[in-house]
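A.B. asks: This is the structure I want to talk about, given as structure tokens.
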Amino acid sequence: MPSWLRHAAVAALVCALGLALCGWLSLLKLERALEAAAQARMGVPAAALREGLQATLALGLPLESAAAVPDLLVRERRADAAITALHVLDAGGRVLFSTEAARLGQAWQAGAAAVRAETLRTAFDLPVGQVLVVYGLAAERQALAGLRAQLLQVGLLATLVGTLLSLVFSWLPRLQSWAVPAGLLAALLLAYGLNQRAVQATLMPALERKAEVVGASVAQLVGKALQHGMALPELVGVEDYLAAQREQHPELAWLGLRDAQGVLRFESGSAVAQPAQVVGIEAGGQRLGQVEVHVSPEPLQRTLRELLLDLAVVAVVAAFVVRELQRAALARQAVGDGQVLARLRLPLLLFMLAEEFTRAFLPGFARSLGEGGSHWVAGLPIVVFMLMVALGQPGLGRWSERLGRRRALASGAALGALALLGAALAPSTAALLLWRALGGLAFALVFVAGQGLVVAHSSAPERTRAFAGFVSAIMVAGVCGPPLGGLAADYLGPRGAFALAALWALLAWVACLGLPREPGQAPAGAPLSLGDLGRLLRQPGFRGISLAAALPAKLLLAGGCFYLVPLLLAARGETAAAAGRAQMLYALCLLATLPLGTRAAERGWPLGRLVGLGLLLSTVGALALLAGGGLWPVMAAMAVLGAGQGVSIAAQSSWLAQLCAAELQAHGPGAVYGFYRLLERLGNALGPLAAAALVGPWGLGGAYLGLAALVLLAGAWVLARAGRWERA
């Protein structure tokens, strides 16, 4: 097959898969939006029924004695053509009143139809029954079918365009390696532009129908008041009522009442430049005015914005996947140790992807299991996981040598899959903590086994490059995992996302079969002891870089990025997908600045200054949280955190070697770096605890600022003491 044809086939496949994923996400998002709009629309007749019945209950009369209910049901049944039935239930779930005579006296049984329910309460706020509005979604299904056909047509066109552009890019030397991702990005942007009108045509009619129903409800209430002989300008409290309606239905930008001559008498909100939904006000057979409703463009703009962000996630993930495929194709030519290292990358990447998958939704899921939704409960799964990773690595490293690295890696992947599946089924916080502890041990085992394989299959001159490949696989998972996990949690729920993560870990176990078998061997050297750690901590350089640089950096990462960001965005009305995108931005900025920090170190920049400046930079983004609510201040904080940590991380290991040259010679690199990583991972474990302690007095945003202030002080201390540590 000619190379250009092979390239075109790969580009077409990538474009088709990327567009299919974006199209599926678009359909799911719009299906939810349409169902939510219908549910909110049915809240209007449901609220009218509830208020009418509670007027009877307020007089102390039993629910069964409400004689006017049948007429009220008939009237509200006509409020919306999608309503199929209305029912009033008593406290035991028995049907007291209904538009379906056959239902009377029977126990209510929910079917497949959509239902909007409102609880009936006495004057003492005691529940005595329910109002049910049963409705169909035929119009919504028809709109989605039309959108599906439009997405398919646009997807085929965009796939063709993306494939052709990818071929063109492949002939340009500077773009050759990025030809497929660039073609996919062009295809996604083309599809997004062409589909905007279709999305608007799908969503806006649903919002306009809701506006009509709200307008009809207002017109009916005003018409009743006018029947008593009052003129429209004489009504009192109308603007307050209109404001309450807008607050209850945020999709409405403006509500206005005009009299029979078209003079605007009452209004609430800000009118927008689009046609209004108009409902007449009638009393005694005469038209006495009209209600006008303007739909806010914000729901449509928010949907389009979310679709664009989903597109960006797909483009970034696809770019990394294509690069991994290119790397795998080159690795097929490797032999000997190079082939082993190339085969190690896939199971390592899949397993790390499985764990990164949970970052965006784990705190919220843990809090939903805990009684009272405590912020302490939300952080405990991260604490337990990180603690098991920190404490498990030293012992598991020696055990993996005895077992054999391949078997240890496969065992860790299988154990991780079991732990993630257990978390998906966890009925309580205690069970979730148990499974996350097991997952921490699995992570530690995979990490040390993979690290051991790198050491065993690389010579000393090749080891830096081999470890760079090891770390880059983890970083790719850090970029791709959180946004994909957030999307999965939004559409499948947290338990479904955990199950999908378990599948990734299971695939990692399968990929381990491609590694060569090797016998276990006795661990080299004596195990590390706490005495060794004590001796190292007495050295100022080791103590300084570990406790003032590595530990605070991980404290802010785990406490801020992994723990606070999902909770903070959820409190601001954002989804798990938004949290995943913020965490992806952190990883992208870290990847972007890591080479810059490395080059600065190679050009002779003082390593201590790079570490300290990186710590200071990572905290500056916290100031964005003072700018207000919403998503973008959090995104800015994550971008700056990633940039700062990229600069700091690039210099930390080299500075450790410089500060602890004597200790490295005396104790060996295994002891020095092992204890350094132990203290670093303890920072990961302490981060959520420190953040949870600050949430109570300062709130979620204040807790992030508090952690940032602590790291700011640590960075300043590093800059102030770096020279003394280097001279010690």
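Glycine residues also receive a Cβ, built from the backbone N, Cα and C atoms like all the rest.
A TrEMBL annotation is a machine prediction, not a hand-curated record.
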A.B. asks: State the residue range annotated as transmembrane segment by TrEMBL; the candidates are 308-327, 408-427.
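C.D. replies: So the range that TrEMBL calls transmembrane segment is 408-427.
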A.B. asks: For the transmembrane segment (178-195), find every same-chain residue at least 6 residues outside the stretch whose CB is under 8 Å from a CB in it, and list them.
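C.D. replies: Contacts of the transmembrane segment (178-195) (Cβ under 8 Å, skipping residues fewer than 6 from its ends): 7, 10-11, 14-15, 18-19, 22-23, 26, 150-151, 154-155, 157-159, 161-167, 169-170, 172, 307-308, 311, 314-315, 318-319, 322-323.
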A.B. asks: Residue list, the transmembrane segment (6-27) vs rest of chain: Cβ under 8 Å, 6 or more residues beyond ends.
C.D. replies: 144, 147-148, 151-152, 155, 158-159, 162-163, 166-167, 170, 179-180, 183-184, 187-188, 191-192, 195, 199, 307, 310-311, 314-315, 318, 321-322, 325, 487, 491
